[in-house]
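Inspection log for the structure reproduced underneath, given as structure tokens.
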Amino acid sequence: MRVQASDGASSPLTSHAKLLIEILDVNDNAPEISVTSLLNTVKEDASIGTAIALVSVFDKDGSKNGMVNCKISNNNYYSLVVDGPLDRESTSQYNISITATDEGTPPLSSTSVITLHVSDVNDNKPLFTENIISVYVKENSPIGAVIKTVSATDADMDQNGQVRYSLLHDNSNSVPPSTMVNINSETGDIVSLQAFNYEELKTFQFKVQATDSGVPPLSSNLLLNFSHYSGRLVFELCVAIRGAECRLTCSSLNILQKKKKTFMCCFP
Ligand SMILES: [Ca+2]
Ligand SMILES: [Ca+2]
Ligand SMILES: [Ca+2]
Ligand SMILES: [Ca+2]
């Protein structure tokens, strides 16, 4: 800019000067955060380094007023990536807060939040509370009676956590279990297909498998030991073990009477 000064004479004398105006920057702009989301949902088995979002920050001010530091949680990343194993069963959603702060005095900052959902992968198999259980069957119980109900839980969701039950056929059984019992694949109810005769069959065992509906499916097994609880069996059992041990072993039995240190137990 040029300025001219002149006096008031009829023939004025003038003088010229060049005026330089320097405009000082004031920190009047907060940083702007721009997030390009690459993934809204990430699978829980996503590998480390999987990119979730690209983050760019821009500040209109000059010098320090426009110098921006970007903080994502506690890490300094401008590309938001998976940096550790994810597990939907423990954390299914993250709200990631991105804060950009300039170096002006006073500093200005802005924040942007990314919501990231963790989607389920079939990484848990169905679990029975025990691996082996004992079942006592009443001799000559009616065919079709529910003699035991088994249950397994699966921590995954939807199809990955949907459990179905089946009898496991392996070569260890001389008699196929499907000739003796049936299992309801939905409820886990085990139903007798024959009246068990103590004189013919004292004990038998078979495995039940719980399988989820994931792809690929995962499964686990439960071994069931069946015994009769005819009065004779229970009596023999109690005579053999006696006393306090009888109480433990016969925990599901009612102790009927106690005679000369010999316990006689019977089922309710
Ligand atoms: Ca600024
Ligand atoms: Ca998991
Ligand atoms: Ca899972
Ligand atoms: Ca599962």
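Think of each number as a place in line: the chain as shown, counted from 1.
Here the Cβ of each residue, glycine as well, is placed from N, Cα and C on the backbone.
Features as listed in TrEMBL:
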DOMAIN    1-33  domain 'Cadherin'
DOMAIN    34-128  domain 'Cadherin'
DOMAIN    129-220  domain 'Cadherin'
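Within the model, the domain 'Cadherin' (1-33) shows a mean pLDDT value of 89, rounded to a whole number. The domain 'Cadherin' (34-128): residue composition by secondary structure is 4 helix, 47 strand, 44 coil, according to DSSP.
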